Structure formats: C-alpha cells, structure tokens
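Features of the protein shown, as given by Swiss-Prot:
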- 1-14: repeat 'ANK 1' (REPEAT)
- 15-44: repeat 'ANK 2' (REPEAT)
- 46-74: repeat 'ANK 3' (REPEAT)
- 75-104: repeat 'ANK 4' (REPEAT)
- 106-134: repeat 'ANK 5' (REPEAT)
- 136-164: repeat 'ANK 6' (REPEAT)
- 165-194: repeat 'ANK 7' (REPEAT)
- 196-224: repeat 'ANK 8' (REPEAT)
- 225-252: repeat 'ANK 9' (REPEAT)
Amino acid sequence: MVKYLVSKGCDISLIGDVAVQYACYGGHLEIIKYLVSQGADVRYDDDMNISISSMTGNIEIVKYLVTQGCDVRTGNNHAIRWACGNGHLEVVKYLMSQGADTSVYDNYVLCWAVTNKHFEIVKYLISQGTDIGILNNFLIKSASENGYIEMVKYFVYLGANFRDEDDCAIKMASKNGHIEVVKYLVSQGADFRAEDNFAVRWASRNGYFEVVYYLTSQGADFRADNDFALSWALINKHFKVVDYLLTLDIVF
C-alpha cells in the first residue's frame, strides 16, 4: 500500500520522516527500509525512531536503525532507558554492546527495571557492572514496596541494607500487604516494631489481615499510637481485621 501511494504521487519529502516514526511504532521493518530508500530521514526528530523501537522492543528495527547511523545515546540514552523500563532484554543487551550508557540519571535504568519487575534485566545490568552503590537501599525498598520477593532476596544477597531509613523496607511491604516479603525480612532481622509499630498499624489500616495476623504473632504492638490499628481498620471497614484485633483485647 505504501508503494502504491507513492506511485500515485504521495510526496515522501513531506511525510516520509513522520511515516518512518509510525512504521517504527508498528514494527514494520520493510516499510521503514522502503521509505529510507525513497529519501526519508531515519534520524528525524533527534533520533526518536531508535527510542520508539527500543520502547516497543523490536530488536531488528533497532539494529537496522543503528546501521543507518542512528545514535543509541540520543536524548541522554533515552533508548536504553525505555528498553529497561519495558522489559526488552535483547534490546538492552544490543544497545549496551553499541555503547549505550546505563549510568545516566544516577542509574535510572536500573531503578525503572526494578520498579517494573524486570528481574532478568536487573540481573543483567548488575552483571555488566552497573553501579548499585548509590541505589542499593533504594532498590530493596522499591522491591519490598512492590512485593517482588525474588528481587528482595537478590538485593539482600548483594548486601543491600534492608534496615535503612528506620526499616523502611518492611514498613512498605506491610503497608502494601506483601506477606512473603514481610516474613522474609523478619527472618533476616528487620525490626517490625520500627517507627512505633508502623508495619502493623498500616497493615491494619489497609486491611491486610494476613500481615496483621503474622506481625501480631511475632509480637508487634497492635495498640501503638492510641489504638491506631483498630481505629483505622474500623474507619476503612476492614471488619475481618477489626474482629481479630478485638479478640486481642484492645481497649477502644
């Protein structure tokens, strides 16, 4: 259809550059090659095409664009940032082999891979020397907050300080109801009573019965902060939590 439209007089010089972008979004390599053969500029809009193709994960288009002169580092390494954020490991590997820089914005690529649960990319970036020093504790806090138990274990193995910021990791895991992460962090020595029993208070407030039950079984003070746990469980209508806390003889 593209060739037909061109044969009928469509002016590549007017629309070709934008058309290449649409073809990159759609993953249409042959159309891209044809448009380029007709004079379209693959580097239009500050090499946006390689960022688009990295974002969508089309490795063959990414490779082709590089052969046509596209810069993998354009936009402060926008391409690899999007590839990491969207979980496209093969694109990440290729871009790094072409010199993409993973350290931009204080290793933003690693943060985004963790947040979006792309564990294989996380491991690959670290295996290639991405510096986790300034991010180490952020990474485990993010993994704990989002319930990514395998990542949490991995970062502990690497030496992450899961007790940073007054045991932020277990507080966030409890607040968001990630029982397996909570149990694991406790097994590693996290203080579930930190910040006036924040963990059990917020697990109660948000209605995570399993977490509340586990933390109280470990000795969390469910009466901390003037019975915050029961008050907020009641306000938020988490009646299973309310009933359980009442069995623990809370004075309300």
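Indices start at 1 and increase along the chain as displayed.
Quick reminder: no glycine exception, Cβ is built from N, Cα and C everywhere.
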Give residue numbers and ranges for long-range contacts of the repeat 'ANK 9' (225-252): same chain, 6 or more residues beyond its ends, CB-CB under 8 A. 196-197, 200-201, 204-209, 212-213, 216
The mean pLDDT across the repeat 'ANK 5' (106-134) is 91
Can you tell me which parts of the same chain pack against the repeat 'ANK 3' (46-74), counting only residues 6+ beyond its ends and a CB-CB cutoff under 8 A? 20-21, 24-25, 27, 29, 32-33, 36, 80, 82-83, 86-88, 90-91, 94-95, 98-101
Helix, strand and coil counts within the repeat 'ANK 9' (225-252) (DSSP): 20 helix, 0 strand, 8 coil
Go ahead and report the DSSP secondary structure tallies for the repeat 'ANK 4' (75-104): helix first, then strand, then coil. 22 helix, 0 strand, 8 coil
